[in-house]
Amino acid sequence: MGLNGKDMTSFMSDFVHECGGYAVIDGGFATELERHGADLNDPLWSAKCLLVSPHLVRRVHLDYLDAGANILITGSYQATIQGFEAKGLAREEAETLIRRSVELAREARDIYYDRCTKDSSDFVRDGRYWRRPILIAASVGSYGAYLSDGSEYTGDYGDAVTVETLKDLQRRRVKLLVDAGADIIAFETIPNKLDAQAYVELLGEEGIDIPAWLSFSCRDEGKVCSGESILECASIAESCKQVAAVGVNCTAPRFIHGLVSSISKVTSKPVLVYPNSGETYNAVTKKWSKTSGEVEEDFVSYVGKWREAGASIFGGCCRTTPNTIKGIIKALSGKAPGDNDNLKFQETAHKF
Ligand SMILES: C[S+](C)CC[C@H](N)C(=O)O
Ligand SMILES: N[C@@H](CCS)C(=O)O
Ligand SMILES: [Zn+2]
């Protein structure tokens, strides 16, 4: 059964509360697939693994649950019907793979909970059963992600692309992700206002009955990748009651503090951040390289500042790993996952 508008708006603030004041997203999904040996030099990028190595997708989700994440982002970032059809798959097969992305994350969550129940020393508290709240966020990469030319970092789609073009790409895909049992839609790495506008319209037009978040890729402390203002983009998200959180992902850590401060000025929704490592992506070679002349401070050392600026949901994007997530949790809680005292943060809320 779906949520009503009011519940959708408060869905993530309720979840953050349930988690103990802040929630932790996973880290780079594609990055962890590559660490397990996947070759993602393909127009489908990480979505290739839904087709050729679904066991690895489940494995990566489990890696992030073991690291302590409260939110798993599915492997559907670049999984589109059109993208799979271009590979020669039938429409039905494409739709099955898109649904499968959510099912694999749900399976990982079930395996994780099952394992926790069996190894219950971390699971029983004051004689009662508790389990860490875990959400499945269905990734919807932007139109630029589908193009597979790195334009999620420029926001430049050319004049021929309209809001209708973007909605047509995403419409069926979003419904499949919802029907497969996602808890929330993660519209992510959004580089411009056009994409944001399309998502907000789509949520209303299609009567999507689960909440969504909108997360932008940004070029500096004040602008999304297209050069448009983060304030204007965040305001589009703020205007939609189905949007339960707004924030920034796949952006260099050094810009996040300023971006969170700006976003916090125009929204009462929870602000989420899951930056990348600060490296630069080459869409031709599909490889990352260190940005010349820039030295990133340790990602984790920024986390406290992001929290002070108003963020309450934290994770990592490209080139971050389960270790990054463990570091984030340590920075926020002062303890590593697995420490018993950490139950306040890690194991709150859900009572069987
Ligand atoms: C977030 S980027 C690194 C994803 C990959 C890109 N859309 C590509 O296909 O090259
Ligand atoms: N959820 C995607 C985002 C890419 S920017 C991933 O982590 O691979
Ligand atoms: Zn990323």
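Note that Cβ sites are derived from N, Cα and C of the backbone, with glycine treated the same way.
Where the annotation comes from TrEMBL, it is an automatic prediction and has not been curated.
These features come from TrEMBL:
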{"type": "BINDING", "residues": "CYS250, CYS317, CYS318", "note": "Zn(2+) binding site"}
{"type": "DOMAIN", "residues": "11-332", "note": "domain 'Hcy-binding'"}
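The Cβ of CYS318 (Zn(2+) binding site) has 19 neighbouring Cβ atoms from other residues within 10 Å, across all protein chains displayed.
Sitting within 8 Å of the Cβ centre of CYS250, CYS317, CYS318, and not among those site residues for Zn(2+), are the Cβ atoms of GLY28, THR189, SER217, ASN249, THR251, TYR274, PRO275, ASN276, GLY316, ARG319, THR320.
Counting every protein chain shown, the Cβ of CYS250 (Zn(2+) binding site) has 26 other Cβ atoms within 10 Å. The Cβ of CYS317 (Zn(2+) binding site) has 27 other Cβ atoms within 10 Å, all protein chains considered.
For the domain 'Hcy-binding' (11-332), the predicted model reports an average pLDDT of 95.
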